[in-house]
């Protein structure tokens, strides 16, 4: 085998940590570059950039998953990490090319899908949820630490050093994959010829979505996921920019906010989630998580003071229990041979939201004329001012964050739909889906690879 030792979960953990650590370092410099490159309609352009990236990821993930079943995981880990990190050095070379390449990199920005397939190759079914939890926890840890480090280095030594360091970490990740990561897909599982055919059903990103309506319970769950994750995906793309330039947070405060809420969300998804599942049950935990999300989004929408953002952030950490609770409900109540089909549908819905959410948020900011002043004004005026309003007499003086209120309404609809989900009857009709693949992997141990990663902590950096 190429690489160091036998393939293990720890190889996957290192790959994920280095990639997202590199992008987390860039949180502060990226906000500055975004404002300088698009001084007009900054939120709209930010939403469009990340919307294009998310939609491209959704469309390409099944094909990359299917190809990795044929050609092996290592080559596609190398491909996805390389193209996902390719925009990093362009931040200081050419900002326009930087944002253009970020949008186009969505075609390959599906590292998690390949990582989950890698883990599935080397673990037994009873070990898999623990292994996925380790990968997701590593992802969260990288984003808890790196923005604070990047903000400190940016303040002390300038953005150029941060970009150089992030580029170095990305190169280290690529080198680690080349030299240390062994191939996980057994030789006998790969076709002899590299020209092995890939069926359209394997590469079709909408294959799993078309199966949604075949079971009423699955349909209710997918509608719940869509209505609740759409505003969450939009929030990922714009919230740090919103904190920095609308609320007036400094770059250090933004980094501290990411760290604190990230730690709280990890605790919520581990300790609190387990207690709630045992005490109030699966469905009630989902409803409680949606309730916290409504409160969080409404608070973000009406909040205009820094303390309000901190309070809402604590509520946001509790809202992160929703998706793990939904996944647990599906896992517990679906026939064993139907797990991949249903999880694939849910993951596909989230992938679609990753494209639609940022664009929707950017468009609503644009409609309500929430514009930005120059970054220098934010720095010099300090926290006592509100540098967000292009015109203090317009709607934005009353509702600083209109998209968050739209999001709260969407999650309220999601809560109403979730009320009708039966807690113990999620069993697909026998044989109705058995001939379908998840639209991504042909390998029997591989998890579904939708357009989004199935498990994401609250503070995902959408620049990745």
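Backbone N, Cα and C define each Cβ position, glycine as well.
The annotation domain 'Major facilitator superfamily (MFS) profile' is assigned in TrEMBL to 8-426. The transmembrane segment annotation in TrEMBL covers 12-31, 43-64, 76-91, 97-119, 131-154, 160-181, 218-242, 254-277, 284-302, 308-330, 351-368, 404-421. The region 'Disordered' annotation in TrEMBL covers 432-464.
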Best-contacting stretch, by C-beta pairs under 8 Å, relative to the transmembrane segment (254-277) and drawn from 76-91, 131-154, 160-181, 284-302, 308-330: 308-330
Stretch-level contact, the transmembrane segment (131-154) and the transmembrane segment (76-91), CB cutoff 8 A, at least 3 pairs: no
Two-stretch contact, the transmembrane segment (404-421) and the transmembrane segment (218-242), at least three Cβ pairs under 8 Å: yes
